[in-house]
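Colleague: Please read through the structure below; I'll follow up with questions.
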Amino acid sequence: MLELNFSQQLGDLHLQVATDLPAQGITAIFGLSGAGKTSLINVIGGLTRPQQGRVILNGRVLVDAEKNIYLPPEKRRVGYVFQDARLFPHYRVRGNLQYGMAASMRGQFDAIVGLLGIEPLLNRFPFTLSGGEKQRVAIGRALLTAPELLLMDEPLASLDLPRKRELLPYLERLAQDVNTPILYVSHSMDEILRLADQVVVMDAGKVRAVGGLEEVWASSALRPWLQREEPSSILRVSVIGHHDRYAMTALALGDQRLWVGKLDAAEGNSMRIRINAADVSLALQPPHSSSIRNILPVKVAECLDVDGQVDVKLAIGEQWLWARITPWARDELGLKPGQWVYAQIKSVSFNRQNGPVPD
């Protein structure tokens with residue numbers, strides 16, 4: 001558990017944070033430039049000192065301003081990956097990886113190198129590497145210090161699109177294969193959708209929302225960032241099985257079943273799906289014959305008027321599904337909170353696939 005309760009004045013920015021974050025998975029720190037994202041992780045990493053408050057990691061006090069406790073960065077067991085890789089130019093990749101390597105990680109050197117796909121780079125100097133390769137080496141170096149927490153400050157920000165696409169799969173593998181919690185600073189919605197388990201939304205130095213990706217995505221906290229995008233839903237599902245006749249896979253969405261095109265995924269695997277609100281239509285009764293395979297009972301939670309359209313928030317088990325319809329359709333259906341209707345889902349996309357769901 002990472003316990004944060006501190007304040008810091010940085011020029012015009014007043015950083016004020018009071019929240020607890022889980023010591024597992026990837027937690028995205030999201031917000032516009034100047035929101036305080038990097039300032040937050042700099043306090044955790046020991047690069048700056050807050051004027052008030054405490055920072056506690058897994059029961060260890062990293063900061064207690066009242067007692068004048070500021071643990072030095074090298075004693076915090078916190079790894080840091082910057083926007084620029086900051087490799088030692090006079091060391092080969094192997095030397096960079098071994099610099100600061102914890103004795104307990106010597107036996108895992110080959111595994112980390114393999115995970116990040118940097119074995120072919122071990123004898124090369126940093127100036128011969130691409131931006132994506134440098135960042136993979138920087139991540140490996142940070143992991144080999146045996147950190148209890150890994151901080152990543154927009155590691156893709158300085159990369160062009162091809163290099164971002166090159167690095168993202170490795171970050172996804174980190175989320176699945178490395179048991180080190182990661183705080184991942186980003187202002188990219190696409191990165192958050194692919195990588196994050198939890199999300200912290202920051203604005204003007206303050207935490208505006210904290211929670212699981214699906215929960216925060218469905219809330220109003222991200223609405224200012226989503227105004228230019230088509231609204232959508234992020235849902236967590238698991239594989240039930242595959243159709244014995246058609247190339248279709250059944251997914252469990254709460255206690256309901258969702259059919260999608262056949263996936264190369266084993267029964268029990270969990271994943272996140274994204275459904276655009278425009279791909280969800282509503283009906284008061286289930287149609288008797290339809291080409292749409294997914295027609296699910298849902299409960300209306302609220303209706304929001306947005307730019308001449310109506311966004312309908314629907315409860316489906318313990319998760320939320322958005323539909324975008326016209327005011328005419330809302331009035332004709334007589335939609336109101338608490339009403340049961342049928343959601344017809346026309347299209348589904350996928351964000352991230354994980355291993356089997358634990359019992």
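Any Cβ shown, glycine's included, is placed from N, Cα and C.
If you look up Swiss-Prot, you'll see Gly31, Leu32, Ser33, Gly34, Ala35, Gly36, Lys37, Thr38 marked as ATP binding site, on the strength of sequence analysis. The domain 'ABC transporter' feature in Swiss-Prot is assigned to 1-229. What Swiss-Prot records for 289-354 is domain 'Mop'.
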Colleague: Within its own chain, what residues at least 6 apart in sequence put their Cβ under 8 Å from the Cβ of Ala35 (ATP binding site), listed in sequence order?
Modeller: Met202, Asp203, Ala204, Gly205
Colleague: Out of Gly31, Gly34, Gly36, which of the binding-site residues is least crowded by other Cβ atoms within 10 Å?
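Modeller: Across Gly31, Gly34, Gly36, these binding-site residues, the one with fewest Cβ atoms within 10 Å is Gly34.
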Colleague: Applying the rule Cβ within 8 Å of the centroid of the Cβ atoms of Gly31, Leu32, Ser33, Gly34, Ala35, Gly36, Lys37, Thr38, what extra residues of the same chain belong around the ATP site?
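Modeller: Here the non-site neighbours turn out to be Ser39, His187, Met202, Asp203.
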Colleague: Among the binding-site residues Ser33, Thr38, point out the residue whose Cβ has the most other Cβ atoms within 10 Å, with all shown protein chains included in the count.
Modeller: Thr38
Colleague: Please give me the CB contact count at 10 A for Leu32 (ATP binding site), counting all chains in the structure.
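Modeller: Leu32 (ATP binding site): 12 neighbouring Cβ atoms within 10 Å.
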Colleague: Restricting attention to the domain 'Mop' (289-354), give the mean pLDDT.
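Modeller: It averages 90.
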Colleague: When a 10 Å sphere is centred on the Cβ of Lys37 (ATP binding site), how many other Cβ atoms does it contain?
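Modeller: Here the count is 25.
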Colleague: Would you mind splitting the domain 'Mop' (289-354) into helix, strand and coil residue counts from DSSP?
Modeller: 7 helix, 40 strand, 19 coil
